[in-house]
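Engineer: Quick paste from TrEMBL:
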- 38-286: domain 'G-protein coupled receptors family 1 profile' (DOMAIN)
- 20-45: transmembrane segment (TRANSMEM)
- 57-75: transmembrane segment (TRANSMEM)
- 95-116: transmembrane segment (TRANSMEM)
- 137-160: transmembrane segment (TRANSMEM)
- 198-222: transmembrane segment (TRANSMEM)
- 234-257: transmembrane segment (TRANSMEM)
- 269-288: transmembrane segment (TRANSMEM)
């Protein structure tokens, strides 16, 4: 009965050391600018008629999701680095959490759809056009968005039905599940078990599908007699596998132990990688390792 309901939160940010605030601001501002420029370039380049293929359609959607993820988190973080007032309203926190979970979940399901596309391209090349039609690609993207919507609504509603009471300071740089769970003044063991199940559903289920796809892909590649064709097939798939590995490593380490205070600083670093660094790396990974994208980009420039 003595608990005070929270109407706003205060984000502690990346670091409490004043001498680091300006350095962090300029560094993150530079990374965010690279994220916007790189992903917008991917969006523009993949519209080119030479790249009208399902793989590049999925890549364009992935770039839009990366831009959205960074934009939901980074501008508020930049403002807080230069301001003494680091408060965020209750509704603002709910909205930020919903958007982050929605975009992250959608991106995971989209990566599974991209793995399926690579499987059809390598293992069913003669039927590729028929299977991966425009309608099929749109359906996979829509299914990814709907799945992300369901996960986000459930997780956001569940977090904010917990009894969140003082202190109102969130030891994080944005509203995310682990730091909000730590503000709960009631037993959260049931929610933590549910979160582990949701993590398995959102991360490990697509990961298992991706792994199964690549087992079939590698098996088919090894049967190709031409060394050049094998190299091309491997290089096409390696970019996607690199992104999947980065997402899987950071996502599982953040959400498998939501109320672990000892690893909160480590989770901040992982979350920064997840929301800021990976969206910057995606265009580099896909463009620098893809000959067709590089050729179109050079011609366009």
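Positions of Cβ are set from backbone N, Cα and C atoms, glycine also.
From a predicted model like this one, the values you see are computed outputs, not experimental measurements.
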Engineer: Hey, which bits of the same chain come close to the transmembrane segment (57-75), Cβ under 8 Å, at least six residues off its ends?
Structural biologist: 28, 32, 35-36, 39-40, 42-43, 46-47, 96, 99-100, 103-104, 106-107, 110-111, 113-114, 117, 137, 140-141, 173-174, 275-276, 278-279, 282-283, 286
Engineer: Can you give the mean pLDDT for the domain 'G-protein coupled receptors family 1 profile' (38-286), rounded to a whole number?
Structural biologist: 83
